[in-house]
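*Asks:* Summarising the annotation, TrEMBL assigns Zn(2+) binding site to H194, H196, E201, H243.
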Amino acid sequence: MEIRYSTHPEQVKAFTTEDIRKHYLIEELFVPNEIKLVYTMEDRAIIGGITPTTEAISLEGYDEIKADYFLERREVGIFNVGGPGSISVDGEQYQMENKDCLYVGLGKRELLFTSEGSENPAKFYLFSAPAHKEYPTQHVAFKDVEGDRLGSLENANDRVIRRMIHNEGIQSCQVVMGMTQLNTGSVWNSMPTHTHNRRMEVYLYIDLDEQSRMFHLMGEPTETRHIVMKNEEAVISPPWSIHCGSATSSYTFIWAMAGENKTYNDMDAVSIEQLR
Ligand SMILES: O=C[C@H](O)[C@@H](O)CC(=O)C(=O)O
Ligand SMILES: [Zn+2]
């Protein structure tokens, strides 16, 4: 498990491109037959990728969290961004098609991740946060969530947002999670942008082709920086940072938050005049 410390906005003013990437960008999440985990001190979230091939992969406790099993003091939201697979939670089997979501609460001991085939393996994306109460395990199939239309083609941000783990959906202690899909010809997400000092957020960009790049924007509204990202990379947004971006093609992203509250609308809107 890799550890990422928190950063102060004053530090970021002097960051080089390499510094920014080292602190916020998460590359190579989906390595065949491996578990990749990044523990960020921002709200103690753990971001992960699990890519089983021929054998099942078990998610266990780690010394970094001094836990005998992963969910001893945590909850986790999971999306499958690869081929079909399944997750077994204390013996209960959940089928996970592409873009399906599973929430697993505090206290579940055995988590086994399996791919249906090794040529097109499942890619399980994880977002975990500390939890103090058990909520039931819940699966939501992508096809069963209609979603809401946001933006417009004129503004190059025509998109569909699906909220899976949130106040009116799957219940959790801290984790709020969902997926936004940009329609063809649209490239901008989350603009006009916002911060939410109550919650950190992570974006995982998917469905970008090999030659496309995301120009993700971060930083204080008056000190913006950008990170050039590829398909299947994630980026950590500290609570004080904006998080939005534009890519060279349309794409999908999974957003995940944890912190002080679970109120999706609790955002501090940033007007376009404020941005520097
Ligand atoms: O705090 C909420 C998040 O940044 C995202 O949900 C924004 C988003 O999905 C979008 O604009 O499409
Ligand atoms: Zn946000």
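A Cβ is built for glycine as well, from the same backbone N, Cα and C atoms used for every other residue.
Annotations in TrEMBL come from automatic prediction, not curation.
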*Asks:* So which one is it: of the binding-site residues H194, H196, H243, which has the fewest other Cβ atoms within 10 Å?
*Replies:* H194
*Asks:* Can you give me the same-chain residues 6 or more apart in sequence from E201 (Zn(2+) binding site) with a CB-CB distance under 8 Å?
*Replies:* S237, H243, W255, A256, M257
*Asks:* Show, in sequence order, which residues other than H194, H196, E201, H243 on the same chain lie with their Cβ within 8 Å of the centre of the Cβ atoms of the Zn(2+) site.
*Replies:* S190, T193, T195, R199, S237, P239, S241, I242, M257, M267
